[in-house]
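According to Swiss-Prot, the protein has these features:
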REGION    1-26  region 'Disordered'
COMPBIAS  7-17  compositional bias 'Basic and acidic residues'
ZN_FING   62-113  zinc finger
COMPBIAS  178-190  compositional bias 'Acidic residues'
REGION    178-215  region 'Disordered'
COMPBIAS  191-210  compositional bias 'Basic and acidic residues'
DOMAIN    217-276  domain 'SH3 1'
DOMAIN    277-334  domain 'SH3 2'
Amino acid sequence: MAQYDQLEDKDSLDIHDNPPAPENVVKEDDNTVYFVYDEEVEEEEAPPPPTPEPIVQVNDKPHKFKDHYCKKPKFCDVCARMIVLNNKFALRCKNCKTNIHHSCQSYVQFQRCFGKIPPGFRRAYSSPLYDQEINNPGQQNRTDPVFDTLRVGVIMANKERKKGSEDKKNMMMMMMEEEEAQQPKEDEEGAEGKQDGDKKDKTATDDKNKKQQQTFSQSHYYMALYRFKAIEKDDLDFHPGDRITVLDDSNEEWWRGKIGEKTGYLPMTYIIRVRAGERVYKVTRSFVGNREMGQITLKKDQIVVKKGEEVNGYLKVSTGRKLGFFPADLLHEL
């Protein structure tokens with residue numbers, strides 16, 4: 001085996017005996033070797049671009065904050081944390097009523113104040129949702145689309161409500177004048193007793209319509225369920241148990257009613273219709289009912305309408321939204 005290995009070693013060629021010359025080597029006749037390298041080109045560094053001038057943010061409508069004592073727990077419109085300190089002092093905007101901590105004042109210095117907000121649509125315009133306006137100065141002068149939509153909707157609703165009530169009132173006045181003009185004519189024709197067949201049919205139809213109108217007007221009335229304090233000048237102020245005459249029910253939410261000599265608008269959910277023969281009761285003490293037994297829970301001074309006879313000391317009553325049994329000894333008839 002050793003002989004075969006020696007023969008193989010003689011025939012083999014080692015790369016280290018005659019290594020290949022690299023490409024960048026130049027060899028002359030006197031065995032002088034030169035290495036050739038590419039010339040390095042130094043790249044000139046471009047001067048850095050000039051730094052842009054910082055955008056100076058100007059707030060044309062800043063908040064007007066003043067020290068405010070919070071009698072009730074309030075939440076900061078910036079950090080959404082409760083304003084609870086020993087003295088409960090906070091900063092409150094004079095116009096938009098925004099409440100913030102003293103430490104959060106720097107976060108709203110570039111926010112615009114939206115001014116006074118109509119009652120019923122007060123929103124936190126200085127909440128963190130509006131912090132994006134600080135990063136985008138081009139959109140600082142944009143108004144809130146939700147607020148504009150609500151404001152236009154309220155204005156249009158008030159116009160339609162007043163316009164509909166005026167049209168309804170004019171139509172009722174015209175109908176009353178026509179009925180008054182037709183009534184003496186019918187009396188004279190009835191006294192003479194000389195009417196044709198067509199006139200008799202017409203008179204009978206008119207009398208029937210009048211009887212139906214009288215029956216409809218006397219078939220029900222409306223009773224106040226809750227206390228409603230007038231918000232606007234044309235609203236009707238009433239207390240629970242007041243009897244209300246409805247003049248206009250064309251609107252789905254606000255009706256026009258009358259109590260004595262006072263007229264105005266009222267929310268239709270605050271009243272209940274009472275039909276002829278139904279009795280109205282007032283709750284004298286709060287009671288928690290059992291739903292499994294068909295009982296309802298009512299609070300003191302609530303107004304209910306009787307809907308059934310007494311069974312085992314319980315009356316079936318209705319509040320307009322709920323219907324069930326209630327102890328008869330806790331009800332006082334109005």
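Placed from the backbone N, Cα and C atoms, the Cβ positions cover glycine too.
These numbers come from a predicted model, not from an experiment.
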Integer mean pLDDT for the zinc finger (62-113): 78
DSSP helix/strand/coil residue counts for the domain 'SH3 1' (217-276): 6 helix, 31 strand, 23 coil
